[in-house]
Amino acid sequence: MVHGQSFLHVVAGLLVLGLSGATKKDTAVKNNSGVKPAGQCGTWVKEPEGGLFTSPNYPNKYPPDTECVYILEAPPRQCIDLRFEENYSIESSWECKFDNIEVRDGPFGFSPLLGRYCGQHSPPDIRSSGRYLWIKFVTDGELEAVGFSASYNFTADPDFADLGVPPPLPSCQYDMVGPEGIVESHQITRDGKAGAAEAIDCKWYIRAPPRSKIYLRFLDYEMANSNECKRNFVAVYDGGSSVEDLKSKFCSTVANDIMLVSTLGVIRMWADESSRKSRFRILYTTYQEPPCDADAFFCHSNMCINNTLVCNGMQNCVYPWDENQCKEKRKANILDNLNNTNGTIIGVTCCIVLILLIVSVIVQIKQPRKKYVLRREDFDPTMFQEVFEPPHYELCTLRSATTAAAASADLVDLAEDFENYHALRRASSRCVYDHHCGSASNPGSAHISQLSLSGRGSRGNLSGRDAAAATLLADFPQPPMAVRPLLPAAGNRRSILVMKHSYSQEAADNGCDLDEDLEDVPTTSHRLSRHEKAVQRYIKNVRHSSASCQFDNIRS
């Protein structure tokens with residue numbers, strides 16, 4: 001019995017060891033995410049608080065022509081401390097161009113480079129600035145060495161020291177199938193996956209049919225804390241949700257479309273409590289590469305999509321080939337979507353607008369019009385009169401009577417000018433008659449002739465002659481002259497002061513000036529012609545009297 005019981009204990013121990021070994025193996029497989037190619041890059045241990053990894057065959061020599069990528073990921077608000085063991089040896093070369101180990105601060109091969117190492121001395125300790133470290137080990141075909149062993153652990157991110165460790169994140173996961181679909185951040189709050197003030201780490205799994213691929217097109221994208229990937233980002237994975245399947249990560253102001261090559265695509269959104277206003281909206285479309293099936297539509301960009309996606313109002317192709325010939329159908333869809341409520345609202349709005357237009361037209365028609373009457377003092381007749389200047393008149397000055405006082409002064413000057421003009425006219429007639437006919441009865445005739453000779457041909461003596469003639473004529477009784485009243489000049493009416501020269505050639509030869517006077521000539525062409533005819537009649541009469549005097553002398 002004792003031997004039987006000991007046998008049973010041995011069998012039970014073996015079963016326990018086998019189960020523990022199987023469990024350990026499963027755990028190793030589960031924690032193998034983050035290394036590529038899996039199972040060919042040495043030891044890889046990933047634990048919640050850290051882990052370790054080595055070069056292939058460590059501590060023996062690593063194989064030639066090897067390339068292994070290790071991607072380390074820390075929990076939110078933590079960073080990574082990386083430390084290499086002292087047993088370290090990689091082929092030495094200038095700038096480590098051959099065998100080397102490269103470390104980058106981020107999850108991608110284009111993340112900022114922290115260092116490239118080789119030789120016999122282990123690299124210094126390295127700390128990431130965020131949640132990720134990207135490490136690549138490369139060897140050539142010659143001179144292998146021991147390789148390296150590195151350990152890492154997670155530590156609190158200094159940027160979130162005041163916030164501490166975030167609370168447990170709510171479970172947030174979606175599964176999407178079908179030829180197309182919309183993935184958007186509003187689903188989280190709408191479906192109650194997380195509160196509006198909670199940090200989120202949500203994943204959408206998109207599964208395409210066999211032999212199909214996935215095209216992701218961003219319709220809307222905005223990050224609340226732009227360029228702060230520690231606080232918010234949208235990540236796209238191709239083939240799985242592990243860090244090594246990370247295709248793109250967006251946390252800035254722009255997100256571009258992505259073509260996935262596998263049948264499984266994963267979209268992940270991370271946002272802390274201060275970044276819940278971050279949002280995105282993605283249209284996914286499953287497609288196949290040509291040749292296309294009978295029920296598929298060719299997009300002219302190596303894409304074959306389902307025929308049901310053509311003319312559906314959404315651009316499912318990379319270029320809008322599926323929506324270019326759908327204008328008529330799109331209009332019909334818009335009219336079909338109008339229900340009774342929308343039609344009623346549109347009709348009432350149109351009626352209100354029409355009524356307002358009619359009322360405004362009636363008001364405009366009934367409103368009294370303002371009549372503008374041109375006042376007489378504002379009317380300038382000279383604007384509508386043609387100014388005519390005969391070639392034998394010389395323009396001397398231009399006067400404008402703008403005020404009442406100036407108008408009165410001009411009227412007085414005009415009256416004096418007319419009086420001087422009539423006096424000179426009578427004096428010149430007398431001078432001509434005395435010269436030709438002879439008369440000594442008038443004692444003032446000699447004085448007039450002398451005055452005329454003294455002022456001949458001088459415009460400067462005109463005013464003096466006018467004054468002398470006026471004084472001489474004042475001594476003789478004059479018949480009353482009928483003075484024609486003058487109309488007051490308008491405020492803007494202008495008069496032209498001109499000087500006219502008219503004299504008899506025979507009188508001038510005998511030393512007697514006939515006329516040299518000033519006239520205020522109206523500006524209208526009608527009045528100018530009438531005045532010119534009067535002057536011509538006066539000259540004709542003077543010449544006739546001169547001829548008659550000569551005839552009387554001859555007879556005598």
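Heads up, the Cβ atoms here are built off N, Cα and C, so glycines get one too.
Curation plays no part in TrEMBL annotations; they are all automatic predictions.
Worth saying up front: this structure is predicted, and the values here are computed from it rather than measured.
TrEMBL lists a disulfide bond between Cys317 and one candidate from Cys292, Cys299, Cys304, Cys350; that candidate is Cys299. Within the set Cys41, Cys96, TrEMBL assigns Cys41 as the partner of Cys68, by disulphide bond. TrEMBL records a disulfide bond between Cys311 and Cys326, which is the match among Cys292, Cys326.
On the backbone, the CA of Cys299 (disulfide bond) and the CA of Cys292 (disulfide bond) stand 10 Å apart. With respect to their backbone Cα atoms, Cys311 (disulfide bond) and Cys304 (disulfide bond) stand 15 Å from each other. A 10 Å radius around the C-alpha of Cys304 (disulfide bond) takes in none of the disulfide-bonded residues listed as Cys41, Cys68, Cys326. Of all the disulfide-bonded residues listed (Cys41, Cys292, Cys317), Cys292 has the fewest other CB atoms within 10 A of its CB. Around Cys326 (disulfide bond), the same-chain residues at least 6 positions away in sequence with a Cβ under 8 Å from its Cβ are Val310, Cys311. Within its own chain, Cys68 (disulfide bond) has Val35, Lys36, Pro37, Gln40, Cys41, Gly42, Ser55, Pro56, Lys136, Phe137 as residues 6 or more apart in sequence whose C-beta sits under 8 angstroms from its own. On the backbone, the CA of Cys292 (disulfide bond) and the CA of Cys317 (disulfide bond) stand 14 Å apart. With all protein chains in the displayed structure included, the most crowded Cβ environment within 10 Å among the disulfide-bonded residues Cys299, Cys311 is that of Cys299.
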